[in-house]
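Inspection log for the structure reproduced underneath, given as structure tokens.
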Amino acid sequence: MSDAWTARLLRDPVASPRAAFLELFFDLAFVFALTRVAQRLISELNAREPDRDVLAGAVEALFFFLLLWLIWMLAAWVTSLYDPALAFVQALVIVVMFGALVLAIAMPHAFGGRAVLFAGTYVTIQLGRPLALTLALRGHPRRLVTTRITIWTAVAAVPWLVGAAVSEHARPAVWAGALTVEYVGFATGWPIPRLGASRVNQWVINGVHLVERYQQVFLIALGEAILVIGLASSAAPMTPAEVAGFVVAFAVTVLFWRIYFHRSGHRLPAAIRESQTPARLGERATYVHLVTVASVLITAVGFELVIAHPTGEGTLPTAVIVLGGPALFLLAQGWAEHEVVGRRPIRRLAGALVLVAAVPVGALLPGLAVLVMATVVLSLVGGADTLASHLRDSPGGGAGPPGGSEGARGTSASPPGAT
């Protein structure tokens, strides 16, 4: 490939940060995959098995979520670094999209009869993407990074493929080790002897575009919650208790949206632009949104449990999910507020602590009552946010409301080692 073609492959730093239609198209596969993860956990909880089986199902759901997050995150960075209007990049994203669909289809039996299909597809996605970019970036300095990623992914491919061949009892541990290798590589910049690691400050990426992608994946998670609410309510007999569960679940979803976009979600683009170390802020935003999306999915599972059995006998797993999801969300948003706004997230931390402390009581109450408890705490946090904003906006009250993404176009942020 010519040097001119390689240069054209890179995304123009001053190009529009808006997500391309290709990326929104790719997200459709991610929506389906997240639905399979949520349904897997719901099935485990509805089976009424002993707690150890529920825990195993929760761990498996977490495993699949982390795997899917890695695929989505690296795909987002590909389209932030490389021009999505180029046929090569489009083909790369569509192949990853197809692979994600295959993974979602194989997921229910990934630890059983479809292990080879699951592992083979995942390795093809994760190894094929950096390998294709390495070949395309001939003669370009960025090729060193894709080479590092290819080597690390090839190493991780060994336990992935071995795990597909071992017994079903050993498979989870082997695959967990493989996924750990990939996350360690990402976190450390994929260090290779003599080649070194990919330094954070060497990466230039369209920060506003990346932020928009994070916001979109958060909205995808909220969409998953809405889907769960709708499907669960459609299957319910619509007694007053079920209707109340539907209304309260929708209120929680709205509160998630409100709390996220009230400060940190709106302020993030400008914060990356103004940061002295935008790359590190971009890296932390990756982890913040990982936890945020996970918390919304956990809460969505709680919606299903509550709407299906609003007045049923209280259980510890139900209380942990219904209260733990919002608590995790508040912790993630507290982390984001600290990183983005630079304030101590007292309201969010206090809300999370109250929710965690309420779990023992929630285990004794019907699911609907537990969800109402979560709604009250989230409403207090959201109301306190609104009051604090009014106080800041009043004459002599301090700085105005947080800025949105306007004026932040062309910002560069640098996650550690995007493909």
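Just so it is clear, glycine is given a Cβ too, placed from its N, Cα and C backbone atoms.
Copied over from TrEMBL:
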COMPBIAS  395-407  compositional bias 'Gly residues'
REGION    391-419  region 'Disordered'
TRANSMEM  21-42  transmembrane segment
TRANSMEM  54-78  transmembrane segment
TRANSMEM  85-109  transmembrane segment
TRANSMEM  115-137  transmembrane segment
TRANSMEM  149-167  transmembrane segment
TRANSMEM  217-237  transmembrane segment
TRANSMEM  243-261  transmembrane segment
TRANSMEM  287-308  transmembrane segment
TRANSMEM  314-332  transmembrane segment
TRANSMEM  353-381  transmembrane segment
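Scored on C-beta pairs under 8 angstroms, the neighbour of the transmembrane segment (243-261) with the top count among 21-42, 54-78, 149-167, 314-332, 353-381 is 353-381.
Sequence-distant contacts of the transmembrane segment (287-308) (same chain, at least 6 residues past either end, Cβ-Cβ under 8 Å): 34, 37-38, 41-42, 45-46, 62, 65-66, 69, 73, 214, 217-218, 220-222, 224-225, 228-229, 231-233, 235-236, 242, 245-246, 248-249, 252, 256, 260, 318, 321-322, 324-329, 331-333, 335-336, 339, 367-368, 370-371, 374. Long-range Cβ contacts of the transmembrane segment (115-137) within its own chain (Cβ-Cβ under 8 Å, at least 6 residues beyond either end) map to 1, 6, 9, 67, 70-71, 74, 78, 82, 88, 92, 95-96, 99-100, 102-103, 106-107, 109, 143, 146-147, 149-150, 153-154, 156-157, 160-161, 163-165, 168, 171, 175, 182, 419. Taking every recorded stretch in 21-42, 149-167, 353-381 and counting its Cβ pairs under 8 Å to the transmembrane segment (314-332), the highest total belongs to 353-381.
With a threshold of 8 Å between CB atoms, the same-chain residues lying at least 6 positions outside the transmembrane segment (149-167) that come near it are 115-116, 118-120, 122-123, 126-127, 130-131, 134, 174-175, 177-179, 181-182, 185, 190, 192, 417, 419.
Long-range contacts of the transmembrane segment (21-42) within the same chain, counting only residues at least 6 positions beyond its ends with a Cβ under 8 Å from a Cβ of the stretch, are 57-58, 60-61, 64-65, 68, 72, 75-76, 79, 84, 89-90, 93-94, 96-98, 100-101, 103-104, 107-108, 213, 216-217, 220-221, 223-224, 227-228, 297, 300-301, 304-305.
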